[in-house]
Amino acid sequence: MKFYYSTFFRAALTMAVCLLFFRIGSHTPIPHINKAVFDSLFQSNQSGVLQLVNIIGGGSLSRMSVFSLSIMPYITASIVIFVAQLMSDKVKEFAASENGKIKLEQIKRLLTVLLVFTQSMTLSTILLSQNVNGEPLATVSGFTFYVSTFLSLLTGTFIVVWLANIMTFVGFGAGTSLIIMFGILSSMPSNFFTISSMVSEGSATVVSVVALISIVLICFAMVIYFENAGRRVATLKSDKYGGSRPSYVTFKANPIGMMPPIFAAIVISMFVTTASAFSSLMPDFLVTAKDRLVGGTPEFIALFSVLTFVFGFALKGTMLNPKKVANGLMMSGQVIRSLRVGLETEKYLSRLFQSLTFIACCYLVVLCTIPEIVNAYLGIPFYLGGTSILIMVSTASEMRKNIFGMMEGNAYKKVSEDFLK
């Protein structure tokens, strides 16, 4: 019976309940939508960005559910706060304090409401203008549809944020990443079913499917290898006898994590959504740009790559501080071999972090764009792209570490209890 009261069991049970709520919400449609008309339109209008948003929401967008926006508005609000910290030292100092963190979280949630309002109004405008053979997509019109769509999506977004916070609290990992990972996993069965149907109907060949799966497996292997790789720096560590012994410090080969491509996809998604809603008011070149930003096109790949590099180096500035790392090495009694403590060490670390960030950005761009190109070339709608693979592997690896940590903690607790008896 002790297992049922263990930390791991309670955390796993809480996680299961959260996932159940997430799946129920992803199948709960917003009101006043003609499902048959929407399904027809969605199948014929899917860009690479829409695919990513749909996958992250566990297929919620394809069902036009209350979780259609998933946690994306909250992530976008986080990007705005992050950029504000980069541009203003005062905001950065404010965020370092406990009171500042609370205030910024409140601002982030207000921004989330504003973003949901903007996206729901844009989405409502698009939906009201759509029809198939004269049959409208929305069953009501005007103010009622706008209000019901906004309230449904706002409620759904904050429920997902609440579920993510609970998942973070139970200790399996970052709730935001877990929500995204489980959304991706839940959309995979339908994708495999679509591919098998295409093969049976003759619209896709077995060879092309095997080629696509091979590319996906190569991407999985690339992520697993790169996310566990590191750059070792030789150091000398002081010992208790007053001498020193050889040691080393390892820096991750991908120090910026998985967020740069996600940020890049969100920025493109915001532009495409806005341009689709207000295409009649925009210049022709912006409308053309919106039409060209489809997964697999040169324009999409170029913009996605540039934004990934921009966000990657921006994250480097906040996550990798050469001065702090150099001070940390000095406080722990370590010195990088052949370098003096202080400015010389900082300059070396700065160059090292620049190199690691550049290599990581190249890796992220290759990982996230190759599946897009292959999908476009083969013509098979397999939506497990590089971004999805990166999220799944990174989150699953972190979740595995946390689970083993919980189990080891329970084992140590049991040993101490038995010892005290």
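Cβ atoms here come from the backbone N, Cα and C positions, even for glycine.
TrEMBL assigns the feature transmembrane segment to residues 140-162, out of the candidate ranges 2-24, 140-162. Tallying C-beta pairs under 8 angstroms between the transmembrane segment (206-226) and each of 71-88, 140-162, 169-186, 293-315, 356-374 places 356-374 first. The stretches the transmembrane segment (169-186) and the transmembrane segment (71-88) meet in space: the count of Cβ pairs below 8 angstroms, excluding pairs fewer than 6 apart in sequence, reaches at least three. Most Cβ pairs under 8 Å with the transmembrane segment (71-88) belong to 109-128, among the candidate stretches 109-128, 140-162, 293-315. Residues 33, 38, 68-69, 73-74, 76-77, 80-81, 136-138, 141, 145-146, 149-150, 153-154, 157-158, 161, 273-274, 276-278 of the same chain sit 6 or more residues outside the transmembrane segment (109-128) yet have a Cβ under 8 Å from a Cβ within it.
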